[in-house]
Amino acid sequence: MKFNIDDLPVLFPYPRIYPEQYAYMCDLKRTLDAGGHCVLEMPSGTGKTVSLLSLIIAYQQYYPEHRKLIYCSRTMSEIEKALAELKALMKYREEQLGRSEEFRGLGLTSRKNLCIHPSVRREKSGAIVDARCRSLTAGFVKEKKERGEDVANLDLLEPHNLIPNGVWTLDGIMRYGEEHKQCPYFTSRRMMSFCNVIIYSYHYLLDPKIADRVSKELSKDCIVVFDEAHNIDNVCIESLSTDITEDSLRKATRGAQNLENKIMQMKDTDADKLKNEYAKLVEGLRDAGDARDEDAFMANPALPDDLLKEAVPGNIRRAEHFVAFLKRFVEYLKTRMKVRQVISETPPSFLAHLKEYTFIEKKPLRFCAERLTSLVRTLELTNIEDYQPLQDVATFATLVATYEKGFLLILEPYETDTAEVPNPVLHFTCLDAAIAIKPVFERFSSVIITSGTLSPLEMYPKMLGFTTVVQESYSMTLARRSFLPMIVTRGADQIPMSSGFQVRNEAGVVGNYGRLLTEFAKLTPDGLVVFFPSYLYMESIISMWQGMGILDEIWKYKLILVETPDAQETSLALETYRTACCNGRGAILLCVARGKVSEGIDFDHQYGRAVLCIGVPFQYTESRILKARLEFLRETYRIRENDFLSFDAMRHAAQCLGRVLRGKDDYGVMVLADRRFLKKRNQLPKWINQALVEGEVNLSTDMAAGAAKKFLRSMAQPFKASDQEGISTWSLRDLERFKEKQEEEAIRALQEESANAGDTMQGIREGNEAVVNEVAVGNAADEFDDDELEAEMMQMGGG
Amino acid sequence: MCSTCVDRIFTSGPTSCPVPHCGKTLRKKGFHKAFFGDLKVEREVDIRKRVGEVFNRRQDEFETLLDWNNYLEEVESLVFDLVEGTQKEKAEAEQKLRAYRTMNLRDIEENRKAGLEEADQERRREDEEKEAAKRRRLETLREEQEAKLDVEKSRRDVLERMANTDEDPNIISQQAQKVILKKSSARRKMADTATESNGSARDPNLTIRGLKKKIAPVLEKPYDPFGGIDLAPSRYALQDHYDNEWLAGAKNDARHMAGGYSLKEYYARTMFEAFSGLGVFIEEEVVNRGPPVTSPAVATAAAAEASGGRIKLGHKMELDDVF
C-alpha cells in the first residue's frame with residue numbers, strides 16, 4: 001500500500017492499515033520534521049514496529065540527509081522480530097520501486113550470540129566468550145602476529161571485507177560469516193557506521209561502559225527509537241548502579257595483586273612500555289592528536305567531559321602508585337563492609353570519611369576507571385575476566401567521585417531482616433534515571449520513546465529530564481468490542497477483595513480470589529493467565545488454596561502451571577502451557593507481574609483468552625533502595641511517593657493486561673481484581689480505559705462471571721475480516737477518503753478563520769459609516785453562519 | 001598486640017619494646033586500634049598521615065596543572081619510599097621530610113588551617129541540607145494528614161446533615177464531593193506554588209551540578225599606604241648577587257661589611273637608577289603639542305637597543321608592556 005503523508009511517500013507492506021497506525025505515522029513525521037523528542041503510546045498488537053519502520057525508512061530514503069535509524073529494543077526475541085519485519089518491509093519496497101535501494105540494516109548482539117569460532121562458541125557463559133574473544137582479537141595480539149609471532153588463527157575472526165547491501169537478520173549474518181570466514185560480531189561492529197538501520201538492545205546505548213565502546217561514534221542526526229520503553233527508567237538506573245559484595249572485593253584484591261606482579265614483570269622485561277604510558281598520561285588522557293572534539297563522540301556519564309581535558313593526577317600516574325592506590329581503596333571498602341548495621345550515606349559523606357581514613361582525594365578517584373583501562377591496555381592483559389571485579393570497583397570509584405547528587409550508598413549487612421549470618425552488600429544505587437540517558441538526549445536530535453503502556457505520559461519526560469514536541473496516546477479502533485476489561489472489587493459474598501498488606505492473608509479474601517479463579521476457569525475457553533504481585537504472595541496464596549480445596553476444584557477444568565524465578569523451569573512450564581492450550585481444555589498459568597512472563601511473552605489467540613490480575617502489583621516498599629529513590633523523586637522532581645508507586649504498579653498491571661490482546665482479530669477478557677483499582681483506573685492506558693464501561697468497574701465475582709460469559713458468547717459468533725473494513729482497518733480507498741475529509745475540514749477551518757478575520761477587518765473599515773450599514777453587515781455574517789451550519793448538517797446526514 | 005597486653009605492659013608509663021633486641025621506648029599513647037584488616041595498608045596509611053601533615057600544599061598554590069601533578073607524584077614517591085623502600089631509601093625519605101618541614105613551617109600551618117576550615121564548611125553545608133530535607137518531609141506529611149482530616153470531617157458533616165435535615169441525600173453527597181474536590185485541588189495548587197517559590201533546590205532545572213565551589217571571602221589585608229601600587233621593579237629582577245670585579249673586593253672585605261653595609265641596597269639603587277626613565281617617552285607626552293618625530297614603536301625599539309647592554313643583567317625585560 002502506498003500513500004503520502006504531506007509530501008512524503010510511504011510504502012506500507014500490507015494492503016490494509018489501521019487508523020491508529022496512520023495517526024501514529026503522522027505524529028512520527030511531525031516529530032522528525034520538528035526535530036525533537038516524543039513519547040507515543042500505541043495499543044499493543046496494533047503493528048507499532050512496522051509503522052515505525054515503514055515511516056522512518058520512507059523518511060530516510062526520501063530526504064537527502066539519510067538520517068540513520070537506531071532502533072533499540074529490550075529482548076533478543078524482540079530484536080529478531082524487528083529485523084524480520086524490516087526485512088519484509090525492504091522486500092516490499094524493492095518490489096514496489098522496482099529497484100533495490102542503497103540500504104543496509106544490521107542487528108547487533110553479544111559476542112556469545114554471534115561467535116563462529118569453532119571452540120570459543122561452545123563456551124556457555126557470555127563473560128568467558130567475551131574474554132576469549134578479546135584474547136584472540138585485541139590490538140596487541142594482532143601486532144604480535146604482524147611481527148611473525150605465533151598466535152591463534154586470526155583470519156577466521158577478522159573481517160576482510162564488508163558485507164553487501166541488504167537487511168541482515170542475526171541468523172543471516174551468522175550464515176554469511178560462516179561462508180566467508182569472517183566474524184559476524186566484528187562485521188556488525190565495523191559496519192555500524194555504514195548502515196542505515198541498526199537494531200540492538202538498550203544497553204548498547206544506555207550502559208556507559210558499553211556505549212562508550214559501541215555507540216559513541218554515531219552521528220548526531222540519528223533517529224533513536226526506544227521500543228517497549230515503559231521500563232526505560234529502570235534500565236537507566238540499573239546501568240549506573242553497582243553492588244559490591246565481600247566476594248567481589250576479595251577478587252578485586254586478587255586482581256590488584258596480579259596487576260602488581262605484572263607490573264613488576266614488565267619493569268624487568270619491557271620497561272619502555274610503562275614509560276611510554278607514563279609520558280602519555282603526563283599529557284592528558286587523550287593525547288592532543290585525537291582530542292575529543294565536542295561533536296565526534298557521545299558523552300559518557302561515567303567519564304565526564306572535563307575529565308578528558310585534564311591530565312591524570314600525579315599521584316596515580318605511575319603504575320605502581322596506582323595499584324597501591326587501588327589496594328588502599330579496596331581495603332577501605334572491606335573495612336566498611338564489616339559494619340553490622342545498615343548505613344545509607346551520600347557520596348560526599350562517603351568521600352569525606354574515605355579521605356579521613358585513607359587520604360584518598362576525590363580527584364584521583366574520578367580518574368580511577370580510565371586509569372585502570374589504560375594500565376590494562378599497557379600491560380596487554382588478555383584474561384580480562386580476572387580483572388572484572390577490579391574494574392567494577394574502579395567504575396564505582398569514578399561514579400562516586402563524580403556525582404554528588406542522584407546517587408546513594410546503602411550498606412546492608414544482612415540479606416533479610418531476620419538473617420543471622422552476615423552477607424554484606426554495598427549497594428551503590430543510582431536514583432536519577434536522567435543521568436544515564438542524558439547523553440542520548442543531548443546528542444541525538446530525535447529520540448522516540450514508544451510502548452503499549454506509557455500512561456501517564458507526562459511521567460516519563462519528568463523522570464528522564466527531557467522535553468517533548470509530541471506526546472500522544474492512541475485509542476484502539478475496533479469494529480466489535482474485542483476485549484472486555486473489568487474491575488472486580490468484591491466476592492460474591494460482598495467482602496471486598498484486596499491484596500493490601502493488612503488483609504491479604506485473610507481467609508475470606510483468599511477464598512474470594514480462589515472462587516474468582518474457579519469461575520473463570522469454568523467459563524474461559526483455552527488459556528487463562530493469572531498475575532500475582534509477587535512470588536512470595538503467590539506461594540502463600542497457592543498453599544492456602546490447596547488447604548481450602550480450591551485447587552482441586554480448578555483441576556477439574558484446567559491444568560495448572562506456575563512460573564518460578566528459575567528461567568528454565570519457567571520456559572518448560574510455558575511450553576507445557578502452550579501445548580495444553582492447543583489440545584484439550586486448556587490451562588492456567590500462574591505468574592508474577594514483574595516476572596519474565598509479564599514482559600515480552602505474548603499470549604495471543606487461544607493462548608490467552610482471559611487474564612486475571614490478582615492484586616495491585618506494587619513494588620516491595622520496604623526495600624531501602626526503593627525508599628531512597630522515592631525520597632529522591634520527591635525532592636528533585638516533585639513526584640509524590642504514592643503517585644510514583646501507583647504509576648509503577650499500574651504500568652505493570654497494564655503490561656500484564658496487554659499480554660492477552662495481540663491484534664485486532666484477537667479477543668480476551670481482562671480482569672483487575674482488587675478494590676484499589678477503582679481509584680487508579682485513570683492511570684490505565686487510554687485504550688484500555690476507554691473500553692472500560694462504567695457498568696463494569698465495580699463488580700462482584702458473580703457479576704463479572706456473567707459479563708464475561710456474555711462477552712465470550714458474542715465473541716464466538718463468526719466474524720469476517722470484511723466486517724472490520726473501513727472501521728478498524730483501512731484500505732487505500734478508506735485512507736484517501738479520510739484524508740480528503742481531513743483536508744476539507746482543514747480548509748473549512750481556514751475559511752472560517754479568514755471569514756472571521758474578514759468580518760473584523762470590515763468592521764474596522766466601516767466602523768465610521770452609518771449604523772444601518774453595520775447592522776447589514778451583522779446580518780450578512782449571521783446568514784453566512786447559518787449557511788455553514790446547514791452545510792455541516794447536510795454532510796452529517798450524508799455520512 | 002592485643003589491647004589487654006598493651007594495658008598490662010604500658011599502664012605504668014613508657015617501657016621498652018617487648019620484642020627482643022628492639023630496645024625502642026614505647027608509650028601507650030602510640031598504640032591505636034587497626035582500622036584496616038590488612039596491616040600493611042594500616043601502616044601505609046599511618047605514614048601517609050604523617051606525610052600528609054607536612055606536604056599539604058593545595059592545588060591553587062600552583063601555577064599550572066602540570067606542576068601540581070608533578071608535586072603530587074613527588075609526594076607519592078616519597079610515601080612509596082617510606083613504605084616499601086630499602087633501609088637507605090627510607091632514611092633518605094625521612095631526611096627529606098624533615099628538611100621540608102623545617103623549610104616550610106609557615107605554609108604548612110596555613111594550609112592546615114585552610115583545610116580544616118574547608119572541611120568544617122562542607123560539614124555545615126551538609127547538615128543544613130539534611131535539615132532542609134527533613135523539614136520538607138515533615139511538611140508534606142503534615143499536609144497529607146490535614147487532607148485526610150478534612151475528608152473525614154466533611155464526611156461527618158454530610159452524615160450529620162443527612163440525619164438532621166430532610167434535604168435530598170443525593171444532593172448533599174454530591175455537594176460534599178464537590179467541596180472535597182475543590183479543597184484538595186486548592187491545596188495542591190497552594191503546595192505547588194509554595195514549592196515553586198521557595199524550593200529552588202527541588203526544581204530540576206535550577207539545581208546545577210558541578211558548580212564551582214564559592215571562593216571564600218579573602219581575609220582583609222593589612223592597610224596598604226601605597227594604595228596597591230606595586231613597588232617591585234617590573235623591568236628587571238633584582239638578583240642576590242652580581243659578578244663585578246670592583247664589588248667583589250668590597251664584599252669580602254670585613255671593613256666594608258662590618259658596619260652593616262648591605263650590598264643589596266647598593267644593587268637595588270644602582271639597578272633602579274639604571275632603569276628609571278625607561279619606558280617614559282617624552283615624544284608621547286609631547287604628542288599633543290606637535291607631530292612626533294618618530295613613531296612610538298621605533299622609539300621602543302631604540303630604547304630596547306640602547307638598554308641592550310643591561311638587559312643581560314635583568315632577567316625579564318618586557319618590551320611590549322609599554323602600550
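Using N, Cα and C of the backbone, Cβ positions are placed for all residues, glycine too.
Bear in mind that TrEMBL entries carry predicted annotations, made automatically and left uncurated.
As given in TrEMBL:
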type	residues	note
DOMAIN	B:1-22	domain 'RING-type'
DOMAIN	B:26-198	domain 'MAT1 centre'
COMPBIAS	B:111-127	compositional bias 'Basic and acidic residues'
REGION	B:111-139	region 'Disordered'
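Sequence-distant neighbours of the domain 'RING-type' (B:1-22) (same chain, 6+ residues past either end, Cβ-Cβ under 8 Å): 28, 31, 33. The average pLDDT computed over the domain 'RING-type' (B:1-22) stands at 81. Residues in the region 'Disordered' (B:111-139) partition by DSSP class (helix H, G, I; strand E, B; coil) as 29 helix, 0 strand, 0 coil. According to DSSP, the secondary structure content of the domain 'RING-type' (B:1-22) in residues is 8 helix, 2 strand, 12 coil.
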